Protein chains: 2
Amino acid sequence: MKRIKMVLEYDGSNYHGFQRQINAHTIQAQLESSINHLTGETVTVNAAGRTDAGVHALGQVIAFNTSARIPADKWTPALNSKLPDDIRILNSLEAAPDFHPQFDALKKSYVYLIYRQKSGASFYRKHALLNSENLDVAGMQRAARLLEGNHNFKAFCASGSSVKSFKRNVSLCRIINQEAWLKLEIEANGFLYNMIRIIMGTLLEVGRQRLTPEHILEILDSQDRNLAGSTVSPHGLYLKAVEYPEG
Amino acid sequence: MKRIKMVLEYDGSNYHGFQRQINAHTIQAQLESSINHLTGETVTVNAAGRTDAGVHALGQVIAFNTSARIPADKWTPALNSKLPDDIRILNSLEAAPDFHPQFDALKKSYVYLIYRQKSGASFYRKHALLNSENLDVAGMQRAARLLEGNHNFKAFCASGSSVKSFKRNVSLCRIINQEAWLKLEIEANGFLYNMIRIIMGTLLEVGRQRLTPEHILEILDSQDRNLAGSTVSPHGLYLKAVEYPEG
């Protein structure tokens with residue numbers, strides 16, 4: 001029995017998120033079914049992050065156990081040959097038997113993309129948030145930086161979430177302005193449910209000058225979800241990379 | 001009665017091409033149905049180019065007659081409010097009563113996109129040709145330039161096409177190499193059926209060094225479709241712009 005660790009990308013547009021569900025087309029179900037086609041085994045795939053419906057991945061990490069005699073690095077072409085072309089394995093290697101992609105992760109990074117032009121928008125509707133409002137980008141950039149550090153992010157978590165602690169360490173939170181694109185880059189040791197989409201929705205309120213950048217600190221302090229902005233579309237969100245102690 | 005001219009973009013991924021067909025979801029049928037929802041009229045929409053299934057447009061041009069009292073420039077937001085978000089009107093104006101987007105066109109320009117990296121490919125599978133082969137790009141660039149000018153393009157036309165003449169004036173044919181992307185930019189006074197996709201398939205054979213750049217001239221002279229390369233995927237093809245005498 002070997003434990004295989006893989007890095008993969010996927011276009012989440014046509015999936016009901018990562019996690020297996022009854023009667024829904026999910027990334028996990030597709031991976032497990034393609035592995036079954038390849039080896040005949042019934043495996044359970046663990047992932048670093050359970051991305052929601054419509055969310056994409058550039059560097060999701062998964063792991064599973066297998067008795068198949070496929071060398072670890074050959075898993076990449078082998079599994080790609082069974083997968084639909086909106087899921088692509090980027091690399092594969094043998095991991096420690098107790099490796100868990102979620103619990104062993106030190107840090108995850110996500111990107112949220114906003115496309116700001118009217119021309120071209122029809123091509124990005126499933127891969128970005130479309131927004132052609134005039135935005136105070138400098139204000140958004142200041143507000144984003146204020147979220148960096150150790151904070152209680154309860155105000156930026158979907159209500160009803162049952163986690164032990166709302167404290168997270170956000171090591172990077174930056175807005176990058178590149179021609180037609182506005183990009184949020186965010187890294188943390190963990191994220192609460194809908195946290196990035198609520199942060200983006202709140203930063204957009206700063207962009208609209210309905211909130212000042214400094215309001216972000218008041219919202220953090222309040223721990224009140226109602227004071228933060230709305231949860232924006234999943235289509236702009238990408239799980240970019242996951243960092244582990246072994247590198 | 002007014003004649004409205006519009007420039008529009010569309011993501012052709014989910015359509016069976018431009019032209020109306022029985023029992024198929026086409027761009028023309030969608031436009032005519034959305035205009036009908038807006039004004040109650042039954043109109044026929046003419047287009048500059050009847051793009052094939054899966055082909056995209058950045059600047060398709062259409063025209064139709066209407067008795068509706070919508071000012072010409074207000075047609076853009078009005079029709080966009082009825083259209084699905086993979087078709088977007090970019091601008092609209094009133095045209096001469098006899099304006100025809102296809103027959104009045106002086107020149108059309110298309111772009112063909114090839115995505116050459118493995119990472120990221122799952123996001124571009126409907127919007128580019130995916131090709132990660134090692135290609136002789138300089139050879140492809142030389143070959144592309146040889147197609148510029150007045151030529152008989154019969155060898156680059158799908159067989160069985162019943163046109164009066166296979167002569168076309170290609171005013172621009174260039175391969176541009178930009179990081180992960182290879183882009184064919186081509187402009188002509190008209191294109192034969194599948195001409196750009198066959199040109200791209202032939203240029204790829206030059207890239208693979210199965211043909212020399214100079215073979216392109218022999219293929220042109222032969223007027224033999226069998227000597228040219230294969231017809232590549234529609235997903236990389238974009239109708240970029242159409243030029244008219246009035247500008």
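Going from the start of the chain as shown, residues are counted 1 onward.
From the backbone N, Cα and C atoms, a Cβ is placed for every residue, glycine too.
Residues annotated as active site, nucleophile in TrEMBL: A:ASP52. Under the heading substrate binding site, TrEMBL lists A:TYR110. Annotation comment: TrEMBL describes A:8-104, A:143-245 as domain 'Pseudouridine synthase I TruA alpha/beta'.
Under 8 Å, Cβ to Cβ, and six or more positions away along its own chain, A:TYR110 (substrate binding site) finds A:LEU184, A:GLU185, A:ILE186, A:GLU187, A:PHE191, A:ILE196, A:LEU237, A:TYR238, A:LEU239, A:LYS240. Within its own chain, A:ASP52 (active site, nucleophile) has A:GLY17, A:PHE18, A:ASN194, A:PRO234, A:LEU237 as residues 6 or more apart in sequence whose C-beta sits under 8 angstroms from its own. For the domain 'Pseudouridine synthase I TruA alpha/beta' (A:143-245), DSSP puts the residue distribution at 34 helix, 31 strand, 38 coil. The domain 'Pseudouridine synthase I TruA alpha/beta' (A:8-104): residue composition by secondary structure is 25 helix, 25 strand, 47 coil, according to DSSP. According to DSSP, A:TYR110 (substrate binding site) sits within a strand segment.
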